[in-house]
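Asks: Please see the structure below; I have some questions.
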Amino acid sequence: MMKFAWDNYKQYALGKNELRPLTKNGHIGNMFGGLRGATVVDALDTLYIMELEEEFQEAKKWVEKSFDLNVNGEASLFEVNIRYIGGLLAAYYLTGEEVFKSKALELGEKLLPAFNTPTGIPRGVINLGSWGWASAGSSILAEFGTLHLEFLHLSELSGNPVFAEKVMNIRKVLNRVEKPQGLYPNFLSPVTGNWVQHHVSIGGLGDSFYEYLIKSWLMSDKKDSEAKKMYDDALEAIEKHLVKKSAGGLTYIAEWRGGILDHKMGHLACFSGGMIALGAEHAGEERKQHYMDLAAEITNTCHESYARSDTKLGPEAFRFDAGTEAMATRLSERYYILRPEVVESYMYMWRLTHDPKYRQWGWEVVKALEKHCRVEAGFSGIRDVYTTTPTHDNMQQSFFLAETLKYLYLLFCEDDVLSLDDWVFNTEAHPLPVNHTNFKSSWSAWGWMRS
């Protein structure tokens, strides 16, 4: 599947950001501000760990010869960080090839002006061609909260503490601000450092902020106790206010709008089963089983959202109200765009429990992707998971190669392929090494701040 996805991208869209498999051409889009080759950078580490050596060399050659960082245009700080910086860092750590490191550092420098705000909370959009930030308005929790892993590695590799200082300052602002019921709303003003409204979600807008708290602690070899405490406190508030059980016995995480619950869970929130399991490994004995059970229940609910559709692929969002459980009720939420979060949780649950059902569930996804998403020239998302003759959306997302296929592959690998003891995956599934003492001993979440 990976070779098929890559070969078609290479043939019809090399250098564009994504392949449009039905029309057999490339798509550039407006998320990356003039940067190109998102699929190349996202696919590097997957090609490498799958030992697709020839394809990896093709991708590396494109990065060496054609990847231009001198571009103009408004880019999403978050997307550039998780896909490009994350992809380049992982490729460097896996291969030791200097080109990946130098491109990551050069691009990292270009992101720094986004932090020139009164609070140091970065703007969501940055103009890569000139200094400063573009958009007004508020910053999104999942965007400014999903820089920590990559920026610590940028400081580690460059010897320049500025990257680590920027993300440590974000944490300082978040610790200072009042949390309603211990929850973190999704929007914060980069000017005042106050919440803009009280919408809380573990799905889009919130999701990876929580993931990066537990992963920051793991990546620091469990020395970053501040991150662990923030994670533990946040999860406790989430469990108290947002975790619900449906009439049919399915555990889900609702969304919260100023105290009113919306009984809906997005596909993006389905990463949380894996996250809670990863965190449970390191909870106290009495809490560990509780969190493993919660992780298994949430992962089961996400599996149900797949199992209850005609295609056996899950919708973008599913609801728990008026007799509907784990199904999309709105036409606008019935699509599937090759997202990875459900198989991501299967991979973590398999690695942490070795219950064979997670591999069975993963194989169901493989079969469904092959049946409904594979087209003549690649893989495409579908517009409605509840029909067996779906229309395709003509987009092979770069994260399909970075995440969906990587997590499926790892689900069927031995546990020592990218062992969870040695690697932490960024939110685009790019593996970053845990800071065991083989790193410079000066590096820790607080080492930079002291120096």
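Each Cβ is built from the backbone N, Cα and C atoms, and glycine gets one as well.
Automated prediction, rather than curation, is the source of TrEMBL annotations.
These came from TrEMBL, pasted as-is:
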- GLU79: active site, proton donor (ACT_SITE)
- ASP207: active site (ACT_SITE)
- GLU316: active site, proton donor (ACT_SITE)
- GLU341: active site (ACT_SITE)
- THR427: Ca(2+) binding site (BINDING)
- CYS270-CYS302: disulfide bond (DISULFID)
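I'm curious about the neighbourhood of these features; can you describe it?
Replies: For ASP207 (active site), the same-chain residues 6+ apart in sequence whose C-beta sits under 8 angstroms from its C-beta are ALA142, SER201, LEU268, ALA269, PHE271, SER272, THR427.
GLU316 (active site, proton donor) counts 21 other C-beta atoms within 10 Å of its own C-beta, drawing on all protein chains shown.
Taking all protein chains in view, 24 other C-beta atoms sit within 10 angstroms of the C-beta of GLU341 (active site).
The number of other Cβ atoms within 10 Å of the Cβ belonging to THR427 (Ca(2+) binding site), over all protein chains shown, comes to 25.
CYS302 (disulfide bond): 30 other CB atoms within 10 A of its CB, across all protein chains.
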Asks: Can you tell me how many other Cβ atoms are located within 10 Å of the Cβ belonging to CYS270 (disulfide bond)?
Replies: 31
Asks: Under a criterion of Cβ-Cβ distance under 8 Å and sequence separation of at least 6, what residues of the same chain contact GLU79 (active site, proton donor)?
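Replies: Counting only residues 6 or more apart in sequence, the Cβ neighbours of GLU79 (active site, proton donor) under 8 Å are MET31, PHE32.
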Asks: Roughly how many Å separate the Cα of GLU316 (active site, proton donor) from that of CYS270 (disulfide bond), to the nearest whole number?
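Replies: Between the Cα atoms of GLU316 (active site, proton donor) and CYS270 (disulfide bond), the distance comes to 10 Å.
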